[in-house]
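Student: Quick paste of what TrEMBL says about this protein:
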| type | residues | note |
| --- | --- | --- |
| DOMAIN | C:21-439 | domain 'DUF112' |
| TRANSMEM | C:12-37 | transmembrane segment |
| TRANSMEM | C:43-70 | transmembrane segment |
| TRANSMEM | C:109-133 | transmembrane segment |
| TRANSMEM | C:139-162 | transmembrane segment |
| TRANSMEM | C:319-343 | transmembrane segment |
| TRANSMEM | C:355-382 | transmembrane segment |
| TRANSMEM | C:389-407 | transmembrane segment |
| TRANSMEM | C:419-443 | transmembrane segment |
| TRANSMEM | C:473-493 | transmembrane segment |
Amino acid sequence: MSLNKIERAQGLRIRSQQDLAAGLFIIALGLLAIFLSWNLPMGSLRQIGAGMLPKSIASICIGLGLLLALSSLRYNGDELSGWSWRGVIFVLGGAVLFGLTIRGFEIGSLKVPQLGLLISGPLVVLISGLAAEDKKWKELIIFAVVMTLFCALLFKYALSLPIPLAPWLLGI
Amino acid sequence: MKKLTLGLAAAFALAFAGTANAQNYPTKPITMIVPFAAGGPTDIIARIVGENMSKTLGQQVVVENVAGAGGTTGIARALTSPPDGYTIAMGHLGTFSAAPATYPGLKYDPINGMQTIGLAGGTPILIVARKNLEAKDLKEFVAYVKANPDKLNEAHAGVGSVSWTTCTLLKGQLGVPKLNAVAYRGTGPALNDLVSGQVDFMCDQIVSVAEQVKADTIKAYAIASPQRSPALPNVPTTKEAGLPEFQIEAWNGIAAPKGTPKEAVDKLVDALNKALNDEGVKKRLLDLGTVMPTAEERTPAGFAAVVKRDADKLSPILAAAPK
Amino acid sequence: MGEMISHLTLGFGVALTLQNIALCFVGCLVGTLIGVLPGVGPIATIAMLLPITFGLDPVGALIMLAGIYYGAQYGGSTTAILVNIPGEATSVVTTLDGHQMAKQGRAGVALGTAALGSFFAGCVATLVIAALGAPLTKLALLFGPAEYFSLMVMGLCFAVVLARGSILKAFCMIMLGLLLSTVGTDLETGQERMTFGFPPLSDGIDFAVLAMGVFGFAEVLRNLESPETRDVVRTKIGRLLPNWEDIKQSINPVLRGTTIGAILGILPGNGAVLGPFASYTVEKKLAKDPSRFGRGAIEGVAGPESANNAGAQTAFIPLLTLGIPPNAVMALMVGAMTIHGIIPGPQVMTKNPELFWGMIASMWIGNLMLLVINLPLVGVWVKLLQVPYRLMFPAILIFCCIGIYSVNNQPVDVAFTALFGLFGYLLIKLGFEPAPMLLGFVLGKLMEEKLRQALIISRGSFYTFIDYQNRPISLGLLIVSIIVLVIALLPAMSKKRDEVFTE
């Protein structure tokens, strides 16, 4: 949004929280990329090295981020809006849990057994379902079971994808 | 409801059977991991052989494609899974013989850390070039490469691929390891640029290049096998064409995790052998330009010897190759 | 002409047997189904169905597999329109206006337009393959690494036009997409880049993982935040099919989209991806009121959808006439042919005319079947939108999870998708749009590859890109990119200086 005369006279100050945060975010990502690709060789034009493109693109990102951050001092824009942790935790948590349990997982001493779709399926539906404010327990549980059976039939049998159902129980 | 109870009972029975000893092997489907995308040469051979092996074993052999890192991701997953005979892998020259030298942090040891089952087939390697390259035959080509190491462009399908591995061997043997190498994502795009003359030569498996050679869109200098291939009878062997030291074949073979019970190994070896003797399978494999493995190579020990032989041949050159 | 008719007669003779029609139908139905399911792509399905086709004759098997392929292309746009999840790179553009239409209660119209536009594009593309397949092959061979790089540059310029709001932010997103595309093992040197030493990242980020995260999951998170907006979809259900007014509005975009898509589809290395983006750019620039785009403009669905389908069909040209697969699905088709003892090469057309022309004829039949299958389904899909959102999003989630898992059979991909969901949510909060990022990501890999290939071949000389004597196409494409960029920036520039960065 352009500024009127009075606003212009007020000099530089943060006029768009969103753009400022966005600019800083891009700068941070660019710096992270440069840090991660620090040891990769640039190479020459004749034989471009593995590091040339990541570093150049990251530098452009930083430049654009700076522009964006500076423009937030000059032009009016949106404020930052709230952040819903409820969705993030339940929805993304459900998905991560699915990934952990579908084939089992092992990091160091942490061991998750291979549970297969018959367990992972209801888990993801139930846990993500908690994110809805208007959830109904009974409905959700029935839905989780029905969806899982439907998916098992659809993916495992109709499309014959190699997805484990319940290796600890059925052996498949 | 009755059906459900029956189903559950059957499920429990199955689960119980699953824990029984290896003598009844196999009691459930066997997963054959192919460490490449579906549709590639290894995948095709795995599916053709796997389908027939299912008949002998009485259980489905399910092909699962786990692609990544030149095939090492899938092989690593297969070889680190429980050694119960229900997870096996179809790998090739690259994943079993070349990988230890190509990938320093490899998560498996193909020489000492796996149970070989047997070789499923060899795939001859050809040296091919764009059709208007001046060199007429392999001798001229070798002379030209040695005299002008800076003029030619080699195409390959990415570091770790069969074409990269074999061409690196060729360049090492010719003493021009630094020759310009242009990397492509897979054989298809590399071949496209070879046909259109953007690049000068490449090495690849016969199944990928044979039809182009037959149609005269590219030319083949030699085949790096002891015998000519019936698919391309006019292409001389490297021995005939004057480069006898360049001998390499991109075989595909089956392996299981180390510690797989002997009963399971024996049954898998037998199933593989029966599949390779089946006329239908044989015809399909021969159509692909495959060289059928000898009786010796179909055994665990014979296959292990092949892996070792090629690893010894490739390791010094790959370790020294510029990447 | 006479020759073409005799060829097509041969082709229809092969394709119109009862068995082959049935196979084509099954293929299209399965294809539509997997296209609608987010994540499950044609690659996994074709691979799984390969053994089933062992018992069939090669022509029948290929007809069925081809049906799955274009059925999936078709079905992918359904998900893009209904739940804003692009199953493939080619349906990213459809989400922009298609999903907006759905939110306005015009899901049926959007789906119907996509179906009719795709059918038209498919018919034209089939004719193009039959009539010009062989000569057009030369086009694929004219494109070396330098031309390809210039084409990608042009594609990125299109991405700027995609932007709805701030052009500066769109540039940021494109660059971020390019940056993400460099993650993974370097193709030339085998070095790992920005992988944190984490093996699952060594092959880079999968498109499905990124798209499902920043579109699918992030969209769910956004919807959960504001119950009002998500219920709009349920309360209003308009017409199920486009009316005459809609069709009139769509005719020209469909014609242009078909042309653009058909040409780009022939190019090797997945040129088809650019089709929908190019079509969208053209439509937005030709429109009297470009501000309607991104807010449910029917042209933004009709054009790109036609381009998508036309490209999907003409992508068969390099495969059928050269024997060289231009993308991963086509590589799988090569595998399927090979298993059936037909090794594709330049001679397929002369050696197996019944296969070649039978497949071409079946493409047309397949397109007709897709229309027959999909038009009645429009009603079903729209009904699905009436499912309360508290049940809808867990269902989307389980489909996404299974779908992503099945792409590479890697559970860790599901976790990555969740991570990108968080990332996408953050981008929404910061006012960024994910579409330009996805285009940057898709083009980034190819662009780097082609840049490096071209420079190795030219021994480090940038002149290769503007060498008007040897590479006029490359020069031409770069000139077009500059023009596109100027057109995109001009309206912004001509406004008052204060408004430079907001369109």
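Cβ from N, Cα, C; glycine included.
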Student: Six or more residues out from either end of the transmembrane segment (C:319-343), which same-chain residues have a Cβ under 8 Å from its Cβ atoms?
Tutor: 42-43, 46-47, 50, 53-54, 57-58, 61-62, 65-66, 69, 129, 133-134, 136-137, 140-141, 266-272, 349, 352, 355-356, 359-360
Student: So what's the average pLDDT for the domain 'DUF112' (C:21-439)?
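Tutor: Value for the domain 'DUF112' (C:21-439), mean pLDDT as a whole number: 85.
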Student: When you look at the transmembrane segment (C:139-162) alongside the transmembrane segment (C:473-493), do they share 3+ Cβ pairs under 8 Å, ignoring any pair fewer than 6 residues apart in sequence?
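Tutor: They do touch: at least three Cβ pairs between the two stretches lie under 8 Å.
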Student: Are there three or more C-beta pairs under 8 angstroms joining the transmembrane segment (C:12-37) and the transmembrane segment (C:139-162), sequence spacing 6 or more?
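Tutor: Between the transmembrane segment (C:12-37) and the transmembrane segment (C:139-162), which are separate recorded stretches, there is no contact, as judged by 3 or more close Cβ pairs.
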Student: Would the transmembrane segment (C:12-37) and the transmembrane segment (C:355-382) count as touching if the test is at least 3 Cβ pairs under 8 Å, pairs 6 or more apart?
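Tutor: In this chain the transmembrane segment (C:12-37) contacts the transmembrane segment (C:355-382) - 3 or more Cβ pairs sit under 8 Å.
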